[in-house]
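Down below is the structure, laid out as structure tokens.
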Amino acid sequence: MTQLSAAQTPQPKPADGNRALYGGKINRRITVRDITAAKERGEKWPMLTAYDAMTASVFDESGIPVMLVGDSAGNCHLGYETTVPVTLDEMTMLSAAVVRGTSRALIVGDLPFGSYQEGPVQALRSATRLVKEAGVGAVKLEGGERSHRQIELLVESGIPVMAHIGLTPQSVNSMGYRVQGRGEEAAQQLLRDAKAVQDAGAFAVVLELVPAELAAEVTRTLHIPTVGIGAGPDTDAQVLVWTDMLGLTGGRMPKFVKQYADLRKVMGDAAKAYAEDVVGGTFPADEHSVH
């Protein structure tokens, strides 16, 4: 009989009645404690990005338990070519909007490039703004071993931290957009990074563009939840950029993106129909007019 490796062994799925995060009975604001408890139950959960109150409200009503106000807003919302130009002021404004648009989801605010790299004190100042001014329930920052001290101080100060290792978009100028953790040395470094952020007190860690087998090993090794994006099916949670997932981004999508709708076409068709009605004089009709 062929034996399955630990990475291939099917993991038990909780019964629907044991769900707490998605499809569960939590009708209050979800907390970090709820997230860590989900790993203990073996409950998987979804996370989506959000950058504005209206979109966030739709996802909140749909039961999405965690939303990331990512610095991916730079590409998807603000018109930048990368995430690097995004400022802390912009992240604070966007995070506050998402918090206002939700009542249940845990909102995680991204610390943008240049807001924590100088050291723990700068990281604390920046994270405090997101918590105090925007009202987020946690912050996210990139880096493994190199961000250990920042994470440690934030957690000691009462600010929950979601770490982010593997492909870290803020380092695109030095790393490029490529799979991380291939090869023995790179895999061992990623494992060290994962353990470092856990030891520093992070409550979860994003694994981006990491070989599925390595992501599975990290997930088995850590006691904190792993959140995959391009990291295979065995992480504790999954995250996608909402404009990719709903087909608004356009162009060629990364291999790991599953497109669940084609909003770009829906919106484009609607805009054209509206324009034709205006030009043709059929809008506004009598039922759209005040008398």
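Using the three backbone atoms N, Cα and C, a Cβ is placed for every residue, glycine included.
In Swiss-Prot this protein carries:
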type     : residues             : note
COMPBIAS : 1-10                 : compositional bias 'Polar residues'
REGION   : 1-20                 : region 'Disordered'
BINDING  : D71, S72, D110, K140 : 3-methyl-2-oxobutanoate binding site
BINDING  : D71, D110, E142      : Mg(2+) binding site
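Here the features listed in Swiss-Prot are placed on the structure.
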residue: D71; record: 3-methyl-2-oxobutanoate binding site; CB count, 10 Å: 31
residue: S72; record: 3-methyl-2-oxobutanoate binding site; CB count, 10 Å: 21
residue: D110; record: 3-methyl-2-oxobutanoate binding site; CB count, 10 Å: 30
residue: K140; record: 3-methyl-2-oxobutanoate binding site; CB count, 10 Å: 25
residue: E142; record: Mg(2+) binding site; CB count, 10 Å: 25
Next item on the list: Determine which residues of the same chain, besides D71, D110, E142, have their CB within 8 A of the center of the CB atoms at the recorded Mg(2+) site, and list them by sequence.
Entry: G70, S72, T83, V86, L111, P112, F113, K140, L141, H164, P169, Q170
Item checked: Per DSSP, three-state class assigned to E142 (Mg(2+) binding site) -> strand
Margin query: What whole-number Å value do you get for the CA-CA distance of D71 (3-methyl-2-oxobutanoate binding site) and E142 (Mg(2+) binding site)?
Written below: 11
Check: Three-state secondary structure of D110 (3-methyl-2-oxobutanoate binding site) from DSSP?
Finding: strand
